[in-house]
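So the structure is just underneath, and the comments pick up after that.
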Amino acid sequence: MEKRLAYAALLPVLLLTLRVLPLPSGSPNGSGGVGGEGKTLPPPASRYVVRFLEYRRAAEHREYLDGGLRGAALAASWRWVERRNPAAAFPTDFAVLEIRDAHREAVVAAVRALGRVRDVHADATYSRSVLSASDRPPPGRGKLFTAMSFEGEEEGGEMANSSSGTWGRRLLLQKSQVTSLFGAERLWGRGFTGKKVKMAIFDTGIRADHPHFRNIKERTNWTNEDTLNDNLGHGTFVAGVIAGQDAECPGFAPDTEIYAFRVFTDAQISYTSWFLDAFNYAIAIGMDVLNLSIGGPDYLDLPFVEKVWELTANNIIMVSAIGNDGPLYGTLNNPADQSDVIGVGGIDYNNHIASFSSRGMTTWELPHGYGRVKPDVVAYSRDIIGSKISTGCKTLSGTSVASPVVAGVVCLLFSVIPEDKRKSILNPAAMKQALFEGASKLSGPNMYEQGAGKLDLWQSYEILKNYQPRASIFPTMLDFTDCPYFWPFCRQPMYAGAMPVIFNATILNGMGVIGYVKDQPLWQPSEDIGNLLSVHFTYSDVIWPWTGYLALHLQVKDEGSQFSGIISGNVTLTIYTPTAHGESSPRTSTCVLYLKVKVVPTPVRSKRILWDQYHNIKYPSGYVPRDSLNVHNDILDWHGDHLHTNFHILFNMLRDAGYYIEILGSPLTCFDASNYGTLLMVDLEDEYFDEEIQKLRDDVIHKGLGIALFAEWYHVDTMVKMTFFDENTRSWWTPITGGANIPALNELLAPFGIALGDKILTGDFSINAILNSWNDGSRRRKDCSLW
């Protein structure tokens, strides 16, 4: 087996897994003994993933742990869990241990102290629910299959495989043959059908004798159930969209080699360790493309996230659904929100963004930075026809079916490149470049709804057939006068004296898995007046795997305080990749990013509002509950609480009223209050330094700063009731605050003799006859603290 590519990108985070499903009886994939021998530990006991610094045979890892934990006090407190699956034939980088709860801290500490151990994490439970888009399960409780809606289906959500039917049914079939809508026949006619492309489908399995598939190469089971078959239908449907050969529900690449990874049980449960083993096996046997129609908000689930990085670093193109949590913003699911993964959003047949499709921006970077553009592309996601569990066709909707549409296209495009050149030319960045540059931008949605735009198979083919490895930036141009695509930047012009405007662009390096920015990026204005714009850059120290970021920090210089007009120019940067095997010099590529902004004279103070983003905390860095207590199926505050995510309607309302809103991503000591009429503080969860409290007092009393403060509920008894037991960590989790941190806000307000209470009111309310319906944009019910 080829040696895995090493990497060193680590995130200093608090891993919080909110899983509430019980462990199944027995061991996932097998059993083992106490300290290497013995029987199953008596309950209560929990399972942990131990990650090592290098790949070795499982027996070597086991022997090492036995030696390191040989003390008599620990010998009976842990058990090696044997994993009997296809990955056992290859070296591994992790182990699964069952540890008695009574000795958990001591055993985990002893394991972490061992020199070859990287870290230890709970073996988290992942759950899947097939629900309508209006009845979602609580995000955060496992990585969820993105929910599917069943609108427009016939015969209980399934269609019989028959050529006869009503006119309405024929119309639905015609509309839903997504292969025709994207023109797959044109590539089929040129002999491209996905031959010799290895497609990994991580789902619920598939039946070996299914008549819709001509090339099922391998089926593997990673669960604790003794079956390879799909008993739920989801995996079969996904496979059909990608590689089905039935005339009524054809797939995009019928000759693709299908590798079905059954990673979910019939009870729709999975574990981190099952995914890690399956991912390792996909790397070991050299998959080309991988579809993963699951997602969740926990982008700090390190074992999962970092294994995805390793997977793509090994030149596997991953396609994943962006999520069904729309129309709310800031609702992107992981792993589709990762820059190395092709994240797919959904549209309907009128080229409108599907209401259920999750919206950007990414929220990894908040509260101190700014998110990236996602989804990457959008594809049809309503009434898509795919294979039924044993025979026949049915329709489903959701981004979980838009994902295999794109995965099928990727397989078809993969087969365009001659087989002997594929691995040297094709990689996750190169495929993204072909999809981005070929996509057609839709006229209505903004970039955080559609990404690069609607998938265009033929245009991507035209780009890819003559592709030469290079680097690029997405988006390729930043035209802040182009609305609505460049919302929110096009909604507010720039002016002198404002907080920096940050745009987070993505670097795609098709030249190699590792790359670097050669020199400092250069801003070159088109005219001398462009020197009024100050452009500073931050960017990835290492572009890995295949992707990185380029953040532009834009400000108008003070001498431009009276300027009104357009500033444009180019940002130029050079990417290089270290010398590859057989080459004599590094590969280099120069990227040019066009920039255009509108500038106006600095507004008067009374029209300028400063939004406090710095004191926002959200899941997954802590158990932060949602603002509204009425939302029982969505208990986590994970949408970013940003003006450009779940408060985007408030942003638009303030702009329509003539106000200019700037975002503060630093402490309250870092702004000049004389520039602003109002400091806007909404649903904040963090605490305040003494210096901030004193500074704000002086700003209000001596500089005339106004404060508009909106705080959601804070009630200790209610918080206690929201406590739940996490089976993965065998511990109780209590919210770190309420909808807002009222005690901290009261400390901030104390110099003014003001305090907020803890009484909870639910319903509609108004302030000066203005209905308060800002939060999330889709509800008018609020739980508020009174003062």
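The backbone N, Cα and C atoms fix where each Cβ goes, glycine too.
In TrEMBL, annotation is done automatically, which means it is predicted and not curated.
According to TrEMBL, the feature signal peptide maps to 1-26.
The domain 'Membrane-bound transcription factor site-1 protease-like N-terminal' annotation in TrEMBL covers 47-122.
Marked as domain 'Peptidase S8/S53' by TrEMBL: 194-446.
Residues annotated as active site, charge relay system in TrEMBL: ASP203 (among others). Shown in sequence order, ASP230, HIS234, GLY235, VAL238, ALA239, ALA260, PHE261, ARG262, VAL263, PHE264, ASN291, SER293 are the residues of the chain, 6+ apart in sequence, with a C-beta less than 8 angstroms from the C-beta of ASP203 (active site, charge relay system).
Cβ neighbours within 10 Å of HIS234 (active site, charge relay system), excluding its own Cβ and spanning all shown chains: 23. The annotation active site, charge relay system is assigned in TrEMBL to HIS234 (among others).
Under the heading active site, charge relay system, TrEMBL lists SER400 (among others). The Cβ neighbour count for SER400 (active site, charge relay system), using a 10 Å radius over every protein chain in view, is 33.
According to TrEMBL, the feature domain 'MBTPS1 third' maps to 474-602.
Residues or ranges marked as domain 'MBTPS1 fourth' by TrEMBL: 603-775.
The residues of the domain 'Membrane-bound transcription factor site-1 protease-like N-terminal' (47-122), classed with DSSP into helix (H, G, I), strand (E, B) and coil, number 31 helix, 28 strand, 17 coil. For the domain 'MBTPS1 fourth' (603-775), the predicted model reports an average pLDDT of 86. Residue counts for the domain 'MBTPS1 third' (474-602) under DSSP (helix as H, G, I; strand as E, B; rest coil) come to 11 helix, 66 strand, 52 coil.
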